[in-house]
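Worksheet: the structure to be examined is printed underneath.
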Amino acid sequence: DFGRSSELAFVVEPSDDIAVQEQPLVLYCQVEGIQPITITWRKNGVMIVDSENAFMLANGSLYVSRFQRLRGDGSSDEGEYDCMAQNHYGLLVSRKAKIQAATMSDFHIHPQNAVVEEGGVARFQCQIHGLPEPVILWHKNSMPVNTDNERYTLLPKGVLQITGLRAEDSGIFHCVATNIANVKFSREARLTVSGSHSTVYKDPMILVGPENLTLTVHQTAVLECIATGNPRPIVSWSRLDGRPIGVEGIQVLGTGNLMISDLTVQHSGIYVCAANKPGTRVRRTAQGSLVVQAPAEFVQHPQSISRPVGTTAIFTCVAQGEPPPQITWLRNGQILETSDHIKLKNNNSTLSIYGINQADEAIYQCLAENSAGSTQASARLTVLWADGLPSPPQGVRAETVSATTIQVSWEKPLQNTKEIIGYVLHIRKAADPVEMEYQEAVSKSTFQQLVTDLEPSTSYSFYIKAYTSRGASKASEVTVVSTLGEVPAMPSLFIKVINSTTVQATWEPSIKLGQHEGFKLYYRKVHLSQYTGPVLLASNVTAYNITHLDASVVYEVKLLAYNQHGDGNSTVRFVSLRETVERTVLNPPCDCMKDEQNNKTSTTGIIIGIHIGVTCIIFCILFLMFGYRGRLLMCKNVQEQLSTPQIPRSQRSATGLVLNGATRRDRDDRDLNGKQLDMNELERLFPASPSQEQQEKGITSAHSLSASHDETQISTLPLDEFSIIEEQPDPLPKNPHGSSPAAPAPDHGAANEG
């Protein structure tokens, strides 16, 4: 029964047609499926009863003996016809066939007389409406126009074009319109060809451009474009969107008319006709739009399915067309109405039936329709039902336990309970669609279930099914109950000390608080029992400053959220302002300017000390290179003077110390003494028999050298005791004996700090 051949389906459906007045009309309908099958017909949704004028044939087709566009009683045989087929499994409706009467109106555009110079272009037009579209032919001097002449172009919409006119083209023209309803003749028009071909230059000009057309796929479109000018312009075509027109099915009629055969949706667009003067950029353009419609057709058909009771059935029907088709669903030939367990999604492309039962067993049809046509597809839903299944569970009750918990209880079914393997509890928010339902499985020996993690102040619906290995029972009665309201959760609270009399309480907004109307803030001194507050704050407030506090005591701050169900639990914090006051006393503000000056002084001393050390190193290197002891004495003398505390500027003599040694005169005298020392050293190293006077002199010199060596001490000069003494510019008095002047005794009791 579930094979494709057994499905109730149409083999032939009625199609759109144009009927001739007083002539018979046959509408075909052929169905296959499991017998017996009953076929009936409807016109405009109303059942057709067999009569002398219209009755059904044995093969299911409808026969109209004499088609009448308008009867004496005002009725008409025109309309939309459909065929309905029904068997044991359901009812099927065919596509709608639009039946129209063949007609032909009078000409509303007739050809007009024309006088055109030789070599020019002549155009005649006649226009008439009819069903089906009339075929228009042209006659010249009562004879059909010779269509083999390349200069004569006949367009489908009743246009005659003649290019390169000659004298023999003069004559009388008229058109003849023909269809199955009638034959009609237009008025006559005279064409006069005057003068000879002109050689005067004329700019290109488009006499007639393309019209806006709306056609259906597989039809033929003719876009007219006729241009004049001297020299004769070249006509070209393009699309406004820049896409290529292509070559397949494209043909040029006459000197510039574009014909597109076997239209597709891709041919839709705006077409531009251009008349170009040969060899130049001079051109004129005209444009027209072409809209190609496509009747609805299915990309995906719905498929027949079989589902157990209580499950979900889904049908999918995807159609395409231009314009996009509208999709309608039928159930056994009637428009399907949605409900809690029947839903349409994705622009009606998906039909979902939740919790199916035997009443949902039917034939479901998808109708796709647009302005270009309609089509239909069908599928059958079979609901599987096994004998001996349990009856629905009894006595379903739901009781609220808390804001997030409900307890559901039930009793076992009255019939066929031996094969029960368990129960399934179906849970859903009462305001949610059926597809949001979820289930919880329960063992066969359990008759109650605690449903947790629910939302506060929310209504929920519950029903139960009993399951066996062969299927499920029908659903129990649905019970609806609401959870209790819930007070807000504890807010997070932080305290920040602003100054000695003010603290700031801050908290974070959080969804964990739940629905709340606002906050209550309390505070007190810890040794008191009475709180100050509550301070009521809106739900969007997240901070509050508590002022005019006593810095000598500890405060307790309490914050809670509240709603219509009451106050939530509070968050408590303790804060003391005493530490803030003590920090202010113990840590007075620093004298940053003074510290900065001290730092600058220390840095300067370090730099000067580095320079002194580098100077000493240089002197020592010179000593090692030349090996003169005189240099050693000079270095020692410099270090001795640097290590000696400096006298005040007021007591300083002209022989004051400079950074790298003594004055220039002192250096000269020391050089002279150095030479004497060198001579004494040679005499000591290479002894001779000098005179007594020379020996005494050498002894004296040696003693003097020894004494000078013993008194010299190398010491390190601290940076903070080092001072730079400027060299005195005053000239020094000369000793009459040629020796250095005596330096004033250093004052060891005073020192200049750097």
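From the backbone N, Cα and C atoms, a Cβ is placed for every residue, glycine too.
TrEMBL annotations: computationally assigned, not manually curated.
Just so it is clear, the model here is predicted, and its values are computed rather than measured.
Now, the feature entries from TrEMBL:
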| type | residues | note |
| --- | --- | --- |
| COMPBIAS | 643-654 | compositional bias 'Polar residues' |
| COMPBIAS | 663-673 | compositional bias 'Basic and acidic residues' |
| COMPBIAS | 689-707 | compositional bias 'Polar residues' |
| DOMAIN | 8-100 | domain 'Ig-like' |
| DOMAIN | 105-192 | domain 'Ig-like' |
| DOMAIN | 204-287 | domain 'Ig-like' |
| DOMAIN | 295-382 | domain 'Ig-like' |
| DOMAIN | 392-486 | domain 'Fibronectin type-III' |
| DOMAIN | 487-583 | domain 'Fibronectin type-III' |
| REGION | 643-754 | region 'Disordered' |
| TRANSMEM | 606-626 | transmembrane segment |
Two-stretch contact, the domain 'Ig-like' (8-100) and the domain 'Fibronectin type-III' (392-486), at least three Cβ pairs under 8 Å: no
Per-state residue totals over the domain 'Ig-like' (105-192) - DSSP helix, strand, coil: 3 helix, 43 strand, 42 coil
Structural state census, the domain 'Ig-like' (204-287) (DSSP three-state): 3 helix, 44 strand, 37 coil
The domain 'Fibronectin type-III' (487-583), counted residue by residue under DSSP: helix, strand, coil: 9 helix, 50 strand, 38 coil
Residue counts (helix, strand, coil, in that order) that DSSP gives for the domain 'Ig-like' (295-382): 3 helix, 54 strand, 31 coil
Across the domain 'Fibronectin type-III' (392-486), average pLDDT on the 0 to 100 scale: 90
Structural state census, the domain 'Ig-like' (8-100) (DSSP three-state): 0 helix, 44 strand, 49 coil
